[in-house]
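What follows is a short report on a single structure.
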Amino acid sequence: KLSVAPEIDIMEYCRKEWRGNTPVAKRMRKGYEAVSRKFASIRRVRGDNYCALRATLFQALSQATQVPSWLESEDFTMLPERLLSKYDWIQQWQLKQKLSRKMGEISDEIKEYLMLLRKKWKYISEIKDPIEKQAACDKLFKNEEEEYSLYEALKFLMLNTAIELYNDDKSGRRVPVFSWLLFARDTSSNPCQLMHNHLNHIGHSGGLEQVEMFLLAYALQYNIQVYRLYKHSTDEFITLYPNDPEEDWPVVILITEDDRHYNIPVGMCQETVL
């Protein structure tokens, strides 16, 4: 089962999906037309609740030429241990459909996921030939066990980023605006609630909300640029996470029709510049 389908011509895909003459179909067609000026094809991403993580990670890996510095750092794999020693509520982290386990186990398991993320990123980024690189990504995203382990790693990195931002704000340091919005929700007024009510559900009963796309971008230190087709002809048609792109962060580009399901545009003019 391939999580990211082979590429198909973007306008062909659009004609198949949006045939009618409703205002929505017309807007979608216009949106796809605008995207087709930059990209020739689209790859459809499997639409479960990991969709945003899958599309973002697939794009990041298929373009990777080096391992991000945060992934190389000495204490990267010590993260679960370090966080669990400070915040015992992280014991209630929900791992891949499994519930309740001993504290040592959860820390070891997340550590394994983080090590797998580093290993795969390193392996794929070292492949020079673009066709081979693509084939390696396709292979990884066919291996369910590994693929879902990588999403757990990403979710844990999102939790770590949320904790850092929350603590920075509490100690009077400057934080990005989305961080206030993240913790202004009734369901996530602190990192513990964020974990219980949001992060634990990603992949199970829910996907990423908009404000969590910012959190993902900060966790990976990537600029995520999204063509939001239903917003065509408004200034939200192309949305950036973060709003003010970080100059030294790489860019991944996604397409969504509804802010829930994300696909991948491919076959563009070589360099992507925001």
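Don't overthink the numbers, they just go from 1 along the chain as shown.
Cβ atoms are placed via backbone N, Cα and C, with glycine included.
Residues annotated as active site in TrEMBL: D48, H261. Here TrEMBL flags C51 as active site, nucleophile. The site 'Linear diubiquitin binding' annotation in TrEMBL covers E236.
It is 8 Å from the Cα atom of D48 (active site) to that of H261 (active site). Each residue contributes its Cα atom, and for E236 (site 'Linear diubiquitin binding') and H261 (active site) those atoms are 17 Å apart.
Around D48 (active site), a 10 Å sphere centred on its CB holds 13 further CB atoms from the protein chains shown. C51 (active site, nucleophile) sits 6 Å from H261 (active site), taking the CA atoms of both as reference points.
Close to H261 (active site) in the fold, though at least 6 residues off in sequence, lie V45, G47, C51, G207, each with a CB less than 8 Å from its CB. Take the CB of C51 (active site, nucleophile) and look out to 10 A: across all protein chains shown you find 22 other CB atoms.
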